[in-house]
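Read through the structure below, which is laid out as structure tokens, and then see the notes.
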């Protein structure tokens, strides 16, 4: 560059793109990585508890029932499966009737 201002004549674009192979010849055993990741996730979930608010329907009168539970992520998933299955929660008004 000569002078105070840049002109198009001063810019030289002589670079061309180089093709680069993106394939790698390294072999990884994915089953070992999955096991390590799964164990780390389970260990983290086992020690970390959290409050979960649950709103469901009474098994007798279909009114809304609110629950707050303190459990781990895997426990709340298990509770979710139970609520979708045969487990029914009953409201305080219907509880004496059962």
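Glycine residues also receive a Cβ, built from the backbone N, Cα and C atoms like all the rest.
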Stated Swiss-Prot location of motif 'Nuclear export signal', expressed as one of 67-75, 76-84: 76-84
Tally of DSSP helical, extended and coil residues in the zinc finger (58-94): 12 helix, 10 strand, 15 coil
